[in-house]
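The structure under discussion appears below in the form of structure tokens.
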Amino acid sequence: MYKLVLIRHGESQWNLENRFTGWTDVDLTETGREQARKAGELLKREGYAFDLAYTSVLKRAIRTLWIALDALDAMYTPVGINWRLNERHYGQLQGLNKAETAAKYGDEQVLIWRRAYAIAPEPLDLEDPRHPRFDGRYAKIPADQLPATECLKDTVARVLPFWNESIAPAIRAGRRVLVAAHGNSLRALIKHLDNVSDDDIVGVNIPTGQPLVYELDEDLKPIRHYYLGDAAEIEAAMAAVAAQGKAKKD
């Protein structure tokens, strides 16, 4: 049996402000740093150790990983950083407040933009300074692979090659792997691992800073999965994620 641990980055500044973040490179809040520290301490307390870790090129995920590994007394752990683990790109929605956007367009439309499997928001214009082609960290990525917007289907297509070429072979080689990434890149992995339907993935919400453990058989099929930590706290955090895209009630 193999084990894989997934963790969504701790609360970011734009999580706090309830804004669509996507590929915008915002940092963790103090709460987010504390979540990452507690995640690392929990993993250490439960006896987890890692041979290899992976994360995205966005600082909120990188810093979460650093802080968690520090709490594990394991900052020597080799880390693979790859853009394919980035958050889903939200196109023109990036930077907008989710509740204000819901008040303008309706809760249902925002839910579609946030969670529909195959519907993407309007793309960024090629000349928009937020377009990833203007960001030096993507300079070596072919321009036709850089998204101006994505739906979850696109995110799955981006993430799975990295799973197949890097993460899965490492697990099969017996390496204990930790992945610190984002809500939607992790939803992409979960959809693949659990064979979640296009309809059911809409209801999957991943809380920030909570380690999710997958026990996998020799074919990397899930035997079971579970969050570490307090069940009530995790349920409340999931509900909070689900409510982010709803208009505020007066």
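Placed from the backbone N, Cα and C atoms, the Cβ positions cover glycine too.
Secondary structure from DSSP puts His9 (active site, tele-phosphohistidine intermediate) in coil. Annotated active site, tele-phosphohistidine intermediate per Swiss-Prot: His9, in sequence order.
Taken from Swiss-Prot, the feature active site, proton donor/acceptor covers Glu87, and the record attributes it to sequence analysis. Counting only same-chain residues at least 6 apart in sequence, those with a Cβ under 8 Å from the Cβ of Glu87 (active site, proton donor/acceptor) are Thr21, Gly22, Trp23, Ser56, Leu58, Ala181, His182, Gly183, Asn184, Ser185.
According to Swiss-Prot, the substrate binding site annotation covers 8-15, 21-22, Arg60, 87-90, Lys98, 114-115, 183-184, on the basis of sequence analysis. Counting Cβ atoms from all protein chains shown, Trp14 (substrate binding site) has 20 others lying within 10 Å of its own Cβ. In the three-state DSSP assignment, the secondary structure recorded for Trp14 (substrate binding site) is helix.
Marked as site 'Transition state stabilizer' by Swiss-Prot: His182. Secondary structure at His182 (site 'Transition state stabilizer'), taken from DSSP and collapsed to helix, strand or coil, is coil.
In this view, the densest Cβ surroundings among the recorded positions His9, Lys98 belong to His9, judged by other Cβ atoms lying within 10 Å.
Glu11 (substrate binding site): 23 other CB atoms within 10 A of its CB, across all protein chains. On a Cα basis, His9 (active site, tele-phosphohistidine intermediate) lies 19 Å away from Lys98 (substrate binding site).
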